[in-house]
Amino acid sequence: MSSGGLLLLLGLLTLWEVLTPVSSKDRPEFCELPADPGPCNALSQAYYYNPVQHKCLKFRYGGCKANPNTFKTIEECKRTCAA
């Protein structure tokens, strides 16, 4: 294979790595936990990663003592669990 072909292959592999979503083996284990509103009653909007649907979803968060699969923004959820 020519050096140009190798360079093209390397570029395509790099692009593939960047565009490929986080696989379940690279995702933190806490992303598999269910939505947890916690014991408090503030009821604010939060996000959690749903491993069955492979996306971040809204849920009502009580405001305290939730599990680590609880995010203030959908962007934070995606960056951590679904990116």
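Backbone N, Cα and C atoms are what each Cβ position is placed from, and that goes for glycine too.
The signal peptide annotation in Swiss-Prot covers 1-24.
DSSP assigns Cys31 (disulfide bond) to a helical segment in the three-state reduction. Taking the Cβ of Cys31 (disulfide bond) as reference, residues of its chain lying under 8 Å away and at least six apart in sequence are, in sequence order, Tyr49, Pro51, Asn69, Thr80, Cys81. Annotated disulfide bond per Swiss-Prot: Cys31-Cys81 (among others), in sequence order, evidence recorded as sequence analysis.
Taken from Swiss-Prot, the feature domain 'BPTI/Kunitz inhibitor' covers 31-81.
Sequence annotations record features per position, and here Swiss-Prot assigns disulfide bond to Cys40-Cys64 (among others) based on sequence analysis. Around Cys64 (disulfide bond), the same-chain residues six or more apart in sequence whose CB sits under 8 Å from its CB are Gly38, Pro39, Cys40, Ala42, listed in sequence order.
Summarising the annotation, Swiss-Prot assigns disulfide bond to Cys56-Cys77 (among others). In the three-state DSSP reading, Cys56 (disulfide bond) counts as strand. Long-range Cβ proximity for Cys56 (disulfide bond), meaning a same-chain Cβ under 8 A and a gap of 6 or more residues, is found for Tyr47, Tyr48, Tyr49, Asn50, Phe71, Ile74, Cys77, Lys78, Cys81, Ala82.
Taking all protein chains in view, 24 other C-beta atoms sit within 10 angstroms of the C-beta of Cys81 (disulfide bond).
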